[in-house]
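Enquirer: Handing you this structure, nothing more for now.
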């Protein structure tokens, strides 16, 4: 079976290095979330300033995804792939050393733009290098890195919860170090039969934007956007404000709030690894239906209890059990399977950017809405999760079967890919 066929180690290495985009994206968002209360005290921030910082993180990731994906398709995915990670390291270093809130915002701006640019580019690189029988698992593995980014940030937040700004600097400092190491390793990464870039880094043929607005691209782009934006409103809220909501709504201490987040994350990591194993099999989409229902139930319980601590504990258990099978990993795999190969970076960058733009607006108002009415916030998220489930069912029932017949298996030759006659042959 293709879904159980062993994948060569060089492709796993490429997936891991591409997955660092997800690690750093999640790490940046969650680190700001974990550190938000500390930043408020140290920089004397108000509730609107706290929301602005979170909105800027998400907004910059959105803009970076839009611009970075397009630049990658125009000037070479490997070139953008190598340098955006270095820019992230610079931004993370500025955040770590920031003496005031203005410098902090500058660092967030740079790191957010770079993280956004790296996301669609890195997914396109690993997808282009992957044979058809391994593409789902390799793309899904980047979600494991996303979970690790969350895990490390929350673990450090828990361990360093009593150390104030020193701990906050260590939490973001590890992101800068990780980005620099990844940059060095990506620069040495070799993929089979990689075509040389021109002196300017441009690809042999620039991709026209007309290819993005064809029906073959628009329908899957719209469907994956609707799924991701509705699902992400809930996931992003708890990713950025999970600790904050537990402290301000559920009356938990800072240490208890970070501890709750950390305690449930191993469940998510293990189940994300389980998703990787089924990502190239029919079980990927079969499990989505069950997980989507459980995920909706989790948010219903949180809403009915108005964010009370007991209800939130039940929520975290159900959410971590369901999220790996009905969340961002599905979006990543579905995007790579249904979007045209030659515009993958541009089209997924567009859906990611638009979604993150919505998340940024929502993040700006979240602290104020949570302060005014936690119930309204939670029920709104529950409605979004229901809409995401419906969009996911449409993708599974309509787009995935259609793309299996219509989307060419081979990767665009303008970008690094596995050769059909090389050691990583694609099935035909």
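In case you wondered, yes, glycine gets a Cβ from its N, Cα and C as well.
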Enquirer: Which one of these stretches, 376-400, 401-425, shows up in TrEMBL as transmembrane segment?
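Expert: That would be 376-400, the stretch labelled transmembrane segment in TrEMBL.
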Enquirer: Which range, 220-253, 288-321, does TrEMBL list as transmembrane segment?
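Expert: From TrEMBL, the annotated transmembrane segment range turns out to be 288-321.
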Enquirer: What range among 23-41, 80-98, 194-212 does TrEMBL describe as transmembrane segment?
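Expert: That would be 80-98, per the transmembrane segment entry in TrEMBL.
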Enquirer: Do the transmembrane segment (80-98) and the transmembrane segment (288-321) come together with 3 or more C-beta pairs under 8 Å, pairs six or more apart in sequence?
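Expert: Not in contact, no.
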Enquirer: Do any residues of this chain, six or more beyond the ends of the transmembrane segment (104-126), have a C-beta under 8 angstroms from a C-beta of it, and if so which?
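Expert: Tertiary neighbours of the transmembrane segment (104-126) are 11, 14-15, 17-22, 24-25, 28, 32, 39, 43, 53, 56-69, 71-73, 77-78, 80-81, 84-85, 87-88, 90-96, 98, 138-139, 142, 175, 332, 335-336, 344-346, 348-349, 352-353, 356, 415-416.
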Enquirer: Averaged across the domain 'Major facilitator superfamily (MFS) profile' (11-404), what pLDDT does the model get? Just tell me the whole number, please.
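Expert: The predicted confidence over the domain 'Major facilitator superfamily (MFS) profile' (11-404), as a mean pLDDT, is 85.
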Enquirer: Considering only the recorded stretches 45-68, 138-160, 166-185, 255-276, 288-321, state which has the highest number of Cβ pairs under 8 Å to the transmembrane segment (376-400).
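Expert: Out of the listed stretches, 288-321 contacts the transmembrane segment (376-400) most.
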